[in-house]
Amino acid sequence: MQARLLTTSDGAENGRGSKNTVSSENAANAAMSDPGSAVAADTSARKPSIKQALLAAVFAAAIVTVILLAFSWPTVTSDPKDLPIAAVGDQEQIDQITANVPDGMLDLKKVDSRAEAGQLIRDREAYGAFVFGDDPEILTSTAASPPVAQQLNGIATQMQQKIDKQAISGMQDGMKQMQDALAAAAQSPAGPQANPGAPGDNPGGNPGDQAQTPDASAVEVPEVTVTDVVPLNENDSTGAGLAIAGLPLTIGGIVGGVLTSMIVHSRRMRAVAVVAYGAIGGLALTLVLQSWFGILQGNFGLNVLAAGLAVAATAALINGFVSLIGPGGIAIGAVLTMFIGNPIASLQVPKEFLAGAWGDIGQFFVPGASGTLLRDLSYFPNAPMAMQWWVLVGWFALGIVLILVGHLKAHAKKRAAAG
């Protein structure tokens, strides 16, 4: 029995070997009989690899170009428009300001008092204010936007130069009138003693005493004062720290989403991991940004909640896409957050600087909403923040829903396979 099995096995192997040998011999004979076909086959085998290499290079270059455009476009095309600014004064004074700035740059809102203008700034309904009168003043807020405050300072300088020019022109006109009066008095035939007994005579005989220059109060030049109503704190005097604080939140959300989706395989546990990551990540980020660096201000607990919700929203979104469509969902979540939401988040310049409606659109993504929310919590506690909170909650809820949908979809497939 064993002998027969061995013989049969050997025969099978010999059969396969003989078949392989025949196939090899046939291929060799075919190649020898038609050498051109062998060369063509080898060439066709090489062509796809070269094509793939070129396509990969073009695709990589396109991705780099898109990334460059995404991050540089907002800066290159930024141009202030319709900046909400309060104004205290009459319409003529307001029109003078409008005429001296680029068309469409300011959206001036007339208010009744300096106090009202200051309240609008503290409520983030205005970036600054013009206060006209005997003591002109410009109110700014570096905490709201250092670039806008810088532009208002430039307008203040222009106003002061104009006031100085008008004052100098008035003084020159006054001096000319005085010189003309002195010249006329000197050329008068009767001279200054024509009526010695009249009131206002100058017994000293000095004609220049009756044409003296005005006193100091008459030629006093108003000075334009610039007041920073809501300044940045000394630990972040330029606002750079607050501007880049949104980047760790964005990257942190992406990293957290990628790691939890790769490490945690249970879709239900991914939702738990996202919630835990938001709590721990929000606390860690706030400890660094507020307790250590002093960039964030205001209520510590609210800052923890805002930062945690920001990273959890992005992480939940990525986990949701991964649960629904697989690893490719990581790319979708990263693109939505980093390459679409982050460039139009208005973290470094106000949303009014971005072209078209992109500034407003950016506030409906996680980076824009979280950046605005943290700025308001730090410096503008009375500003309306409901929209930012709801945007973050909405993205977080969307991610959790996608995770649950992916969970149900996977279970449906298992039941179908078992049935």
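Quick reminder: no glycine exception, Cβ is built from N, Cα and C everywhere.
Note that TrEMBL annotation is computational and uncurated.
Feature annotations, reproduced from TrEMBL:
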type     : residues : note
COMPBIAS : 1-27     : compositional bias 'Polar residues'
COMPBIAS : 180-201  : compositional bias 'Low complexity'
REGION   : 1-34     : region 'Disordered'
REGION   : 179-218  : region 'Disordered'
TRANSMEM : 53-73    : transmembrane segment
TRANSMEM : 240-264  : transmembrane segment
TRANSMEM : 271-294  : transmembrane segment
TRANSMEM : 300-322  : transmembrane segment
TRANSMEM : 329-349  : transmembrane segment
TRANSMEM : 387-405  : transmembrane segment
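Touching of the transmembrane segment (53-73) and the transmembrane segment (271-294) is ruled out by the presence of fewer than three CB pairs under 8 A, sequence neighbours closer than 6 excluded.
Against the transmembrane segment (300-322), the recorded stretches 271-294, 329-349, 387-405 differ in Cβ pairs under 8 Å, and the greatest number is found for 271-294. Using a Cβ-Cβ cut-off under 8 Å and counting only residues 6 or more beyond its ends in the same chain, the transmembrane segment (387-405) has close neighbours at 267-268, 270-271, 274, 278, 306, 309-310, 312-321, 323-324, 363-366, 369-370, 372-373, 376.
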